[in-house]
């Protein structure tokens, strides 16, 4: 009888211990799932910001055009983005990046709805390619904008921004928007890397 009582006392204790451990495991899983969902929401919001910056850069550069009010019999003084291949590359590159970001939004939504999905790995790789394209386009355009503002006396390249002020203001704004996109891409890549580490 005593040994039976002893065993009856031990069984509830071991069961209570197991029941006490189960909620701790479930809570840890819920916290990890909540962290991944938070990272997914941050990823989605950053992508929206990058879309705005990239498309603004492409649209601003693509509409940069200025014609001076004076002209001669044979010449009309005009500055347009399509006069320079670097600016044309910039518009195409930023439009491609903006299109990619729009197409990546559904994958970003998947990471919010299903935190265990493998979408972050795909976005991580594609974001690196998009960052490379954005950086190259922004850097190339920045070099031309610098010459437009300051010229180069060694090569007799004259600064044109004193004459084409509106044109230079637009192309400068487009370059700034492209570098904002670069910063957002860096944040996205860091965020994706952190999410993959905790996957």
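The backbone N, Cα and C atoms fix where each Cβ goes, and this holds for glycine too.
The domain 'Casparian strip membrane protein' annotation in TrEMBL covers 38-184.
Taken from TrEMBL, the feature transmembrane segment covers 44-64 (among others).
The transmembrane segment feature in TrEMBL is assigned to 84-110 (among others). Outside the transmembrane segment (84-110) by six or more residues, the chain places 40, 43-44, 47-48, 50-51, 54-55, 57-58, 61-62, 64, 117, 119, 122-123, 126, 130, 133-134, 136-138, 140-141, 143-144, 171, 174, 178, 181 with a CB less than 8 A from a CB of the stretch.
Residues annotated as transmembrane segment in TrEMBL: 122-148 (among others).
Per TrEMBL, the feature transmembrane segment maps to 174-196 (among others). Tertiary proximity for the transmembrane segment (174-196) is limited to same-chain residues at least six positions away from its ends with a CB under 8 Å from its CB atoms, namely 36, 39-40, 42-43, 46-47, 49-50, 53-54, 56-58, 60-61, 64, 90, 94, 97, 111, 120-121, 123-124, 127-128, 130-131, 134-135, 137-138, 141-142, 145.
Nonlocal intrachain contacts for the transmembrane segment (122-148), taken as residues 6+ away from its ends with a CB within less than 8 angstroms of a stretch CB, comprise 43, 54, 57, 61, 84, 86-87, 89-90, 93-94, 96-97, 100-101, 104, 107-108, 111, 157, 159-161, 164, 168, 171-172, 174-175, 178-179, 181-182, 185-186, 188-189, 192-193, 196.
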